[in-house]
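Q: Okay, these came from TrEMBL:
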- 11-188: domain 'Josephin' (DOMAIN)
- Cys24: active site (ACT_SITE)
- His125: active site (ACT_SITE)
- Asp140: active site (ACT_SITE)
Amino acid sequence: MSQAPGAQPSPPSVYHERQRLELCAVHALNNVLQQQLFSQEAADEICKRLAPDSRLNPHRSLLGTGNYDVNVIMAALQGQGLAAVWWDRRRPLSQLALPKVLGLILNLPSPVSLGLLSLPLRRRHWVALRQVDGVYYNLDSKLRAPEVLGDEDGVRAFVAAALAQGLCEVLLVVTKEVEEQGSWLQAD
């Protein structure tokens, strides 16, 4: 079926969960995988498996509102047959073989506020980046809608800016095969 003259092609359907409680790790997982696979309950179960004998689970918030650590994200991805590979910030981003990477999950410092009052505290926030139909998107759950980053140069510029601010960690979400072969890394 052809489009009417002058009609704009419809944008691709991009799955994007919005922030709720301290569930940014759950939202980042679902956003990078482009479907709702994980819930707070599923993340809590992973926490229990990671620390079965712990009264106060070290992998989540003491208040039970989320704030999951990297171990939960890695275990969740492993359960889907995927792997998370730490990106060594000392490497040039030109060595990142983006076509081999399903998506990226960044851990960024995030300001804390009470209403309009900004507090001098820093929390950590998980953010997903993913390519959909040839376009990379910032799928930060704090955004109202996905933010277009564009092509490979756009996503590399975004990651470079995040790394330059310091205290940013980058996880590459890849298949087990890509992880084993190390093909997420290319020669400069």
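Glycine residues also receive a Cβ, built from the backbone N, Cα and C atoms like all the rest.
Bear in mind that TrEMBL entries carry predicted annotations, made automatically and left uncurated.
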Q: Round to a whole number and give the Cα-to-Cα distance in Å for the pair Cys24 (active site) and His125 (active site).
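A: Answer for this pair: 6 Å between alpha carbons.
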Q: Within 10 Å of the Cβ of Asp140 (active site), how many other Cβ atoms can you find? Include all protein chains, please.
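A: A count of 23.
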Q: What's the CA-CA gap between Asp140 (active site) and His125 (active site) in angstrom, rounded?
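A: Here the two Cα atoms are 9 Å apart.
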